[in-house]
Amino acid sequence: MYAALWRVLPGPVWLRILLVFVLLAAVLFALATWVFPWVDSIVNNQEVTVGSP
Amino acid sequence: MSVRADQPLSEETRCAHRRKRRPRLNVVGIFGELLITAGILVLAFLGWQLWWNDMIMAGQQSRAAAEISQTWIDDDLSSNEPAPAAPEASATVEPAPVDFGEPVVREAPSNAETFAVLYVPRFGEDYHRSIAEGIGSEVLNSSRSGIGHYPDTQMPGEVGNFAVAAHRSANGGGMHLINELQLGDAIYVQTADGYYTYRFRDLEYVAPTAVDVIAPVPHNPDAVPADRFITLTSCNPLLSTAERIIAYGVLEAWQPTSAGPPAEVATVINAQAQG
């Protein structure tokens, strides 16, 4: 999977490494902005109150 | 050894070797990579929830508290400037505590409305969070408040129990250090009317079903209250929801906005005026 990604990336090694970091940053940004807040809203089990179910 | 000598066979094994190392579709390999990726994603989510987003929300909640606190102080300055001449003079000299009489008690606000700011110096010198009505996620997970007031419990300064809840960790972690409160620690509540000084009494660990802790007289739902309590609730142990940690305090003093903030929180309140 990741080996295939490496093969698909164009250019010399330094460019590929750069591209990998850019992709990684983009993925992390997307996760923190959209995915994690959504996951948080459905798995939120941080009960802090008494009595309420 | 004999294989090495045989030229065509060697070629064949090399081909086979290459095929084995780079197959067109390695199902097990891809499955393994997916599992590793899933593991990293779970760790990343925990890091985001407990550290990154927690830090961002704590900052937002803190700024929101400073904003609304300053609004109340500014409103008070513009509305009744000439009236409290005597208390204002006394506040600068810091003499014997002035008795401002019975604390002012506000009407309970509508759901999710911010009506108070909490200051707990034990949680940090510049700790302040706004308190909104209700204990739903729209309050507890909000970047504008983070601390929720149990509906149907009393208001700040009222005889009975002013009960609030907040997260212990994540979502700004409003009560992260609740277990570090010590006897006599100040818990200040500011509203549009003034400052209520509560003194921390004790901690308690209860089951999540223990609704009695927010009764007007904690643990005595049928008793007629005579004291003015504050009750903070959060989850315990840290990162778990198995139990609840409860902190009780009793009202010590009240002073109107015009009298200025209590000395212990004056620094953080004066700092917010500069923005």
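Glycine is treated like the rest: Cβ placed from N, Cα and C.
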Would you mind telling me which of B:12-32, B:75-95 TrEMBL tags as region 'Disordered'?
B:75-95
Express the distance between the Cα positions of B:C235 (active site, acyl-thioester intermediate) and B:H167 (active site, proton donor/acceptor) as a whole number of Å.
7
Intrachain C-beta neighbours of B:H167 (active site, proton donor/acceptor), sequence separation six or more, cut-off 8 angstroms:
B:L140, B:N141, B:G146, B:G173, B:G174, B:M175, B:S234, B:C235
Neighbour count, 10 Å Cβ-Cβ cut-off, for B:C235 (active site, acyl-thioester intermediate): what number do you get?
25
